[in-house]
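Listed features, source TrEMBL:
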{"type": "ACT_SITE", "residues": "26", "note": "active site"}
{"type": "ACT_SITE", "residues": "74", "note": "active site, proton acceptor"}
{"type": "BINDING", "residues": "26, 213", "note": "Mg(2+) binding site"}
{"type": "BINDING", "residues": "27-31, 39, 43, 71-73, 75, 77, 194, 200-202", "note": "substrate binding site"}
Ligand code: IPE
Ligand code: IPE
Ligand code: MG
């Protein structure tokens, strides 16, 4: 079999599909700038990409899709942009809940979303509750999320438990620590994609990315689609994961 053929045969149904994919959805602002549009126009197209790509991920067999929607550092943006982003989130939750229920998707949120405005917190809690019985794919949205804060919160929780005598310090291991993170119970992260050409993690899933395959693509998030996802999954399928072994 020549190289091309063997590459081909790996993209058939024997190719391993990542169970858990995370995406740093970056490049909305640049997408808008290239069209001389206001940044909000890029964020609006970004929401369309979320709809498109989350549906495609389910169709392509991904069990869990985790999307970085708003970082704990994004509060540093101009007030108007933060307001626009929260408005789009409100819109998304309102419109998407029906579809999530119809498509048997469970919604989870990671990050300190309780610091968002009260109506958003209520909408998020409602969407989580209404989809909690679903048994299909899981959509995880990272809102006001920062990995360092998540790790500190887990350390604090375990330290309190130790102080209260519920656990001993020696009992704390990787499994217990993982369970104290907001991603507890989710399958390990297999593939982490960042769009827009930037090659950094920007405080996303630092613990969970320990053995994830990393993929940086130049496509701006509003242009990311089912074909781009399929391409990312195919690239994942060609990676050789070793986990420190041979
Ligand atoms: C990603 O696009 C969306 C969020 C961070 C909310 P950006 O808004 O960061 O777009 P660029 O990086 O300025 O192009
Ligand atoms: C990361 O993108 C956060 C999200 C995609 C929500 P940023 O655009 O905020 O990251 P930096 O500031 O370029 O690192
Ligand atoms: Mg950016």
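Cβ coordinates come from backbone N, Cα and C, glycine included.
Shown here: features listed in TrEMBL, placed on the structure.
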| residue | record | Cβ contacts under 8 Å, 6 or more apart |
| --- | --- | --- |
| 26 | active site | 194, 195, 196, 198, 202, 220, 221 |
| 27 | substrate binding site | 42, 195, 196, 197, 219, 220, 221, 222 |
| 29 | substrate binding site | 39, 42 |
| 31 | substrate binding site | 42, 45, 46, 220, 221, 222, 223 |
| 43 | substrate binding site | 28, 32, 84, 85, 88 |
| 72 | substrate binding site | 111, 112, 144, 145, 146, 149, 203 |
| 74 | active site, proton acceptor | 82, 85 |
| 201 | substrate binding site | 24, 147, 192, 194, 209 |
| 213 | Mg(2+) binding site | 18, 190, 191, 192, 236, 239, 241 |
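The residue listed as 'active site, proton acceptor' carries a helical DSSP state (H, G or I). For ligand 1, the neighbouring binding-site residues among 27, 31, 194 are 27, by Cβ distance under 6 Å.
Burial estimate for the binding-site residues (75, 194): highest at 194, by number of other CB atoms within 10 Å.
Not one of the binding-site residues listed as 43, 72, 213 brings a Cβ under 6 Å of any atom of ligand 3.
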